[in-house]
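Student: This is the structure I have questions about; it appears just below.
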Amino acid sequence: MAFATRQFVRAASSDAATAAAKKLLIKHVTIVGGGLMGAGIAQVAAASGHTVVLVDQSDEILKKSTKGIEESLKRVVKKKFADKPEAGAEFIKKTLKNLTTSTDAASVVHSTDLVIEAIVENLEVKNKLFQTLDKFAPEHTIFASNTSSLQITKMANATTRQDRFGGLHFFNPVPMMKLVEVIKTPMTSQKTFESLVDFSKAVGKSPVSCKDTPGFIVNRLLVPYMMEAVRLFERGDASKEDIDVAMKLGAGYPMGPFELLDYVGLDTSKYIIDGWHSLEPNNPLFAPSPLLNKLVEEKKLGKKTGEGFYKYK
């Protein structure tokens with residue numbers, strides 16, 4: 001019996017080792033989109049020793065992205081290397097050495113292990129990008145989207161690598177936020193999923209797994225919560241100020257729902273809820289808000305425009 005047990009353990013260990021060997025060790029990463037999210041992902045990937053190419057439409061955008069990454073790294077160094085300035089300077093130097101930029105995604109994906117898309121939240125635009133890159137990327141290359149609201153499955157179906165396609169939803173600001181939602185579609189292979197989980201850990205994040213459901217985990221819970229706060233205010237049941245205070249002091253949230261809506265951007269929130277409403281029109285959680293629609297129409301989008309639910313100087 002002991003012999004049989006040892007044999008079983010040996011076999012199980014061998015199977016585990018074989019499965020691990022099948023996973024893709026991601027070393028080269030191409031990130032398309034030089035905005036806050038794309039630049040943030042590029043920073044943490046480069047800082048963790050990955051070779052990174054950051055892609056956007058113009059050199060001007062990429063210069064701004066690189067400058068933002070440098071400034072962000074300096075802030076990291078102030079905290080992590082406060083008493084070791086030389087080590088901090090070396091950390092910045094090494095990180096930036098791992099990072100290059102390009103305006104031509106198709107020309108740089110030929111040697112990449114992972115493509116992360118972080119462009120505009122428009123399914124048609126994303127699908128067009130993935131269709132193009134699918135023709136130039138090697139067979140082993142994994143594609144991932146950083147979308148927060150669109151279906152990963154629809155993007156995967158625009159390519160010939162549905163089994164090598166998943167979601168990697170980072171949170172803003174990327175260097176500070178520890179969470180990554182790893183999204184597995186019905187076609188995503190276990191090898192691809194495990195490779196994405198390993199990559200998330202390698203860049204210093206804590207991955208959680210979710211199926212390809214609207215909003216994944218965080219936004220699926222967060223957006224309806226914010227919308228219900230708006231409905232509470234619309235009905236006149238409580239003021240927005242009291243709702244914010246109640247959720248901060250009663251639930252321990254760092255921001256109230258209206259403060260958070262203004263921070264995220266009312267246009268972004270409206271875009272998400274409108275998209276979900278079109279998918280599930282009978283779901284009351286996804287019902288549009290007349291007040292939110294009115295504010296967006298008036299270009300009162302939150303902090304970025306100086307006014308949303310609150311006014312900002």
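Using N, Cα and C of the backbone, Cβ positions are placed for all residues, glycine too.
Copied straight from TrEMBL:
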DOMAIN    28-213  domain '3-hydroxyacyl-CoA dehydrogenase NAD binding'
BINDING   Gly33, Gly34, Gly35, Leu36, Met37, Gly38, Asp56, Glu121, Lys126, Ser148, Asn172, Lys304  NAD(+) binding site
BINDING   Ser72, Lys79, Ser148  CoA binding site
SITE      His169  site 'Important for catalytic activity'
DOMAIN    215-312  domain '3-hydroxyacyl-CoA dehydrogenase C-terminal'
Student: Taking all residues of the domain '3-hydroxyacyl-CoA dehydrogenase C-terminal' (215-312) together, what is their mean pLDDT?
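Tutor: Summing pLDDT over the domain '3-hydroxyacyl-CoA dehydrogenase C-terminal' (215-312) and dividing by its length gives 96.
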Student: I'd like the number of other C-beta atoms within 10 A of the C-beta of Ser148 (CoA binding site), please.
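Tutor: Looking across every protein chain shown, the total is 22.
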Student: What residues, ordered by sequence, lie under 8 A Cβ-to-Cβ from His169 (site 'Important for catalytic activity') and sit at least six positions away in the same chain?
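Tutor: Set apart from His169 (site 'Important for catalytic activity') by at least 6 residues yet with Cβ under 8 Å, we have Asn146, Thr147, Ser148, Val180, Glu181, Ile183, Phe216, Val218.
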Student: Count the other Cβ atoms sitting within 10 Å of the Cβ of Asn172 (NAD(+) binding site), across every protein chain shown.
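Tutor: There are 14 such Cβ atoms around Asn172 (NAD(+) binding site).
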Student: Fill in the CA-CA distance, Met37 (NAD(+) binding site) to Ser72 (CoA binding site), as an integer in Å.
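Tutor: Given the Cα positions, Met37 (NAD(+) binding site) is 13 Å from Ser72 (CoA binding site).
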Student: When you tally the Cβ atoms that lie within 10 Å of each candidate's Cβ, which of the binding-site residues (Lys79, Lys126) has the highest tally?
Tutor: Lys126
Student: Using the alpha carbons only, what distance in Å do you get between Gly35 (NAD(+) binding site) and Ser72 (CoA binding site) once rounded?
Tutor: 14
Student: Here the binding-site residues are Gly33, Asp56, Ser72; which one has the lowest number of other Cβ atoms no more than 10 Å from its Cβ?
Tutor: Ser72
Student: If one measures from the C-alpha of Lys126 (NAD(+) binding site) to the C-alpha of Ser72 (CoA binding site), what distance in angstrom results, rounded to a whole number?
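Tutor: One finds 27 Å between the Cα atoms of these residues.
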Student: Cα distance, Gly33 (NAD(+) binding site) to Lys79 (CoA binding site), nearest Å?
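Tutor: The Cα atom of Lys79 (CoA binding site) is 27 Å away from the Cα atom of Gly33 (NAD(+) binding site).
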Student: What's the CA to CA span in angstrom from Gly33 (NAD(+) binding site) over to Ser72 (CoA binding site)?
Tutor: 17
Student: Counting Cβ atoms within 10 Å across all protein chains shown, which of the binding-site residues Gly35, Met37 comes out on top?
Tutor: Met37
Student: If one measures from the C-alpha of Asn172 (NAD(+) binding site) to the C-alpha of Ser72 (CoA binding site), what distance in angstrom results, rounded to a whole number?
Tutor: 13
Student: Summarise the domain '3-hydroxyacyl-CoA dehydrogenase C-terminal' (215-312) by DSSP state, stating how many residues are helix, strand and coil.
Tutor: 64 helix, 3 strand, 31 coil
